[in-house]
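Chemist: Sequence annotations record features per position, and here TrEMBL assigns domain 'Orn/DAP/Arg decarboxylase 2 C-terminal' to 21-367. Taken from TrEMBL, the feature domain 'Orn/DAP/Arg decarboxylase 2 N-terminal' covers 33-275. What TrEMBL lists as N6-(pyridoxal phosphate)lysine is 51. Per TrEMBL, the feature pyridoxal 5'-phosphate binding site maps to 230, 268, 269, 270, 271, 369. TrEMBL lists 271, 307, 311, 341, 369 with the feature substrate binding site. Feature annotation from TrEMBL assigns active site, proton donor to 340.
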Ligand code: LLP
């Protein structure tokens with residue numbers, strides 16, 4: 001895949017109100033297709049983690065390719081239904097589902113609830129009973145596997161709030177057996193996000209094998225093995241590695257997961273499907289010469305892209321206003337936004353083509369956990385989006 005930007009594209013940005021998310025719909029298609037091809041080879045099912053991007057155009061593209069939707073709120077379940085995902089393709093996960101959200105999902109006969117505690121299982125059983133329905137569930141098991149990623153996005157360790165810990169599993173089996181309005185589908189895992197060390201997924205497979213056997217030994221048939229998401233992307237080389245390595249990823253599960261003939265393997269990928277396909281485009285407002293450094297003040301802030309402020313996450317930053325001029329000098333800048341917080345900084349000592357007021361700056365790899373995490377802090381105007389096929 002080539003570069004996301006060239007001067008013809010950037011020319012079309014001129015005059016548009018900034019900041020905005022720019023979606024490269026061709027790259028999105030290519031990414032989805034690559035994932036589809038690699039997963040179908042093994043008959044794996046992919047649900048898209050809607051939390052990573054609930055943009056309607058993005059969701060439509062994902063629905064079209066045939067993936068399901070992994071939702072974590074009533075809002076996401078409704079959005080998935082509005083987009084046209086069929087109820088049988090919708091999974092509802094999350095550690096704190098409200099009664100109203102559970103009822104919404106029951107009313108829509110979704111495929112599966114991913115249940116995170118004994119208590120939640122009891123509540124879903126009760127609410128399903130009131131409706132005269134049977135709720136299909138998978139139990140999210142905390143496998144105590146270290147994802148070797150940022151501690152804020154590690155989820156599969158005993159100390160994390162997610163999933164049922166091993167010592168609670170006997171109670172889960174008892175509750176399942178006593179719950180008339182529950183249909184047990186299988187087990188669910190998710191160990192963390194932005195995982196680039198493929199050994200983590202091998203360790204996960206070993207745990208899944210152990211745990212499914214544990215269930216089967218207790219007379220509980222496991223039909224669905226849901227191994228979650230977490231495949232990372234290359235934030236440092238967005239043009240060179242513009243599509244995640246789905247081939248290697250799915251092959252690991254094919255090689256290391258014990259899948260019996262009656263079982264289905266499910267994935268919940270978010271980031272790897274959408275991150276690379278969007279950039280946040282912002283404009284240089286001011287240049288400021290400090291004593292020790294120079295600042296570029298841009299018109300996007302942590303309100304549009306929260307990841308750098310929240311996780312010190314790296315997003316490649318480029319001045320895209322001089323793509324045809326290779327002779328322009330570069331220099332280091334701190335790239336900061338307009339929000340009244342010191343953490344409102346997209347990057348320190350970023351080597352950029354020398355900037356002027358009005359230049360367009362791209363923050364790359366912003367398609368996952370970008371616009372969905374935007375906020376109205378400082379009464380910001382909300383997110384705008386521009387799509388490559390509508391330019
Ligand atoms: N399944 C479950 C149960 C999850 O909690 C998540 C993400 C996913 C699937 C999708 O994971 P992915 O394939 O996108 O790695 N806001 C953070 C990431 C939070 C991830 C939350 N859970 C960030 O900006 O890096």
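Yeah, the Cβs are placed from backbone N, Cα and C, and that goes for glycine too.
Keep in mind that TrEMBL annotations are predicted by a computer and have not been checked by a curator.
Just so it is clear, the model here is predicted, and its values are computed rather than measured.
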Chemist: Going by C-alpha positions, which of the recorded positions (51, 230, 269) is nearest residue 341 (substrate binding site)?
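Modeler: Nearest candidate: 51.
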Chemist: Using C-alpha atoms, which one of the recorded positions 51, 271, 340, 369 comes nearest to residue 307 (substrate binding site)?
Modeler: 369
Chemist: Compared by Cα position, which of the binding-site residues 268, 270, 271, 311, 369 is the closest one to residue 340 (active site, proton donor)?
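Modeler: Answer for the nearest of the binding-site residues: 311.
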Chemist: What's the most sparsely packed of the binding-site residues 311, 369, counting other C-beta atoms within 10 A?
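Modeler: Relative to the other binding-site residues in 311, 369, 311 has the fewest Cβ atoms within 10 Å.
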Chemist: Near the pyridoxal 5'-phosphate site, what residues other than 230, 268, 269, 270, 271, 369 in the same chain have a C-beta no further than 8 Å from the centroid of the listed C-beta atoms?
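Modeler: For the pyridoxal 5'-phosphate site, the extra neighbours are 49, 51, 52, 193, 229, 231, 272, 273, 368.
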Chemist: Could you state the CA-to-CA distance between residue 230 (pyridoxal 5'-phosphate binding site) and residue 311 (substrate binding site) to the nearest Å?
Modeler: 16
Chemist: Look at the binding-site residues 230, 270 and tell me which residue has the greatest number of other C-beta atoms within 10 angstroms of its C-beta.
Modeler: 230
Chemist: Do you know the mean pLDDT across the domain 'Orn/DAP/Arg decarboxylase 2 C-terminal' (21-367)?
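Modeler: On average, pLDDT over the domain 'Orn/DAP/Arg decarboxylase 2 C-terminal' (21-367) sits at 95.
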Chemist: How many Å separate the Cα atoms of residue 311 (substrate binding site) and residue 268 (pyridoxal 5'-phosphate binding site)?
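Modeler: Taking the Cα atoms only, residue 311 (substrate binding site) lies 22 Å from residue 268 (pyridoxal 5'-phosphate binding site).
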